[in-house]
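Asks: Before I ask anything, let me first share the structure, which is written out below as structure tokens.
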Amino acid sequence: MAGRATLLVLLAGAAVLATASQGDREPVYRDCVLRCEERNCSGGALKHFRSHQPIYMSLAGWTCRDDCTYNCMWFTVGLYLQEGHRVPQFHGKWPFFRFLFFQEPASAVASFLNGLAGLVMLCHYRTSVPASSPMYHTCVAFAWVSLNAWFWSTVFHTRDTELTEKMDYFCASAVILHSIYLCCVRTVGLQRPAVASAFRSLLLLLLAAHVSYLSLVRFDYGYNMVANVALGLANVAWWLGWCLRNGRRLPHARKCAAVVLLLQGLSLLELLDFPPLFWVLDAHAIWHISTIPLHVLFFSFLEDDSLYLLRETEAKSKLH
């Protein structure tokens, strides 16, 4: 929910530096990559590479050049460690041990587990809450948008390409916008459906314009950061405002407030930014791992609130 916006800001800031990290600026690294490509990535050597490459690597899109940059990265890291220097980043990222075709194994697994937790809680919500509840369809739609975002997060951490990076960013932005829409429906839309419908159209236009600009004009990390900061702050303020107004009357609103505040606090883990433990577990992976239990808490809130609204609706219908 709100924490995803904070994460996007941190990722955008890091991505601005992605093309100018210390490791990939090193002459020894660049020379290693150049020599590796000349030696292995053309003619008969390339055919030999492709014939010996595991099928799962080729299906995941790993090329000869990718193997060169990976091996030369570790060659450069070894020189840094041998001379007692701090481990450098390469293309905006710490060096990670590749497991099978997983580029960042811990973050990929953690993203998958977040999606799995969301799917389990969605199934539980659908069995516990009747479809006649006023918020049912909006909550289910939010869950599917979130699952889509975690799917692309898993893909991105498995294989970082221009396409998977954009899909990870765009789908995360969609989650923030849908969280805003979810809050709009809960606070305004139940009484004024036309307002919620118009606001939904506005949010869809904003998302379409955002994606179109970043895809068709240029992928501007600075603009993306500013846009997501604004949306994230609006999301946090709106949800917390609703929670504060209704905390005494609706005890389950405290669950929502706890999720928003915990997501903001846990996002600060990203600021630690240390070389991966065992070359696998970095601050970003730890952040993803820490958010897995929050799916249970947030869906518990959605379930309690949906059932409360259903009881309220049934009570009003009996009076009429």
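Count begins at 1; order follows the chain as displayed.
The backbone N, Cα and C atoms fix where each Cβ goes, and this holds for glycine too.
Relevant sequence annotations retrieved from TrEMBL are reproduced here:
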SIGNAL    1-23  signal peptide
TRANSMEM  105-123  transmembrane segment
TRANSMEM  135-155  transmembrane segment
TRANSMEM  167-189  transmembrane segment
TRANSMEM  201-219  transmembrane segment
TRANSMEM  225-244  transmembrane segment
TRANSMEM  256-279  transmembrane segment
TRANSMEM  285-302  transmembrane segment
Asks: At a threshold of under 8 Å on Cβ distances, which of 135-155, 167-189, 201-219, 225-244, 285-302 pairs most often with the transmembrane segment (105-123)?
Replies: 285-302
Asks: Taking a Cβ cut-off under 8 Å, which residues six or more beyond the ends of the transmembrane segment (201-219) line up next to it in the same chain?
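Replies: That would be 166, 169-170, 173-174, 177-178, 180-181, 227.
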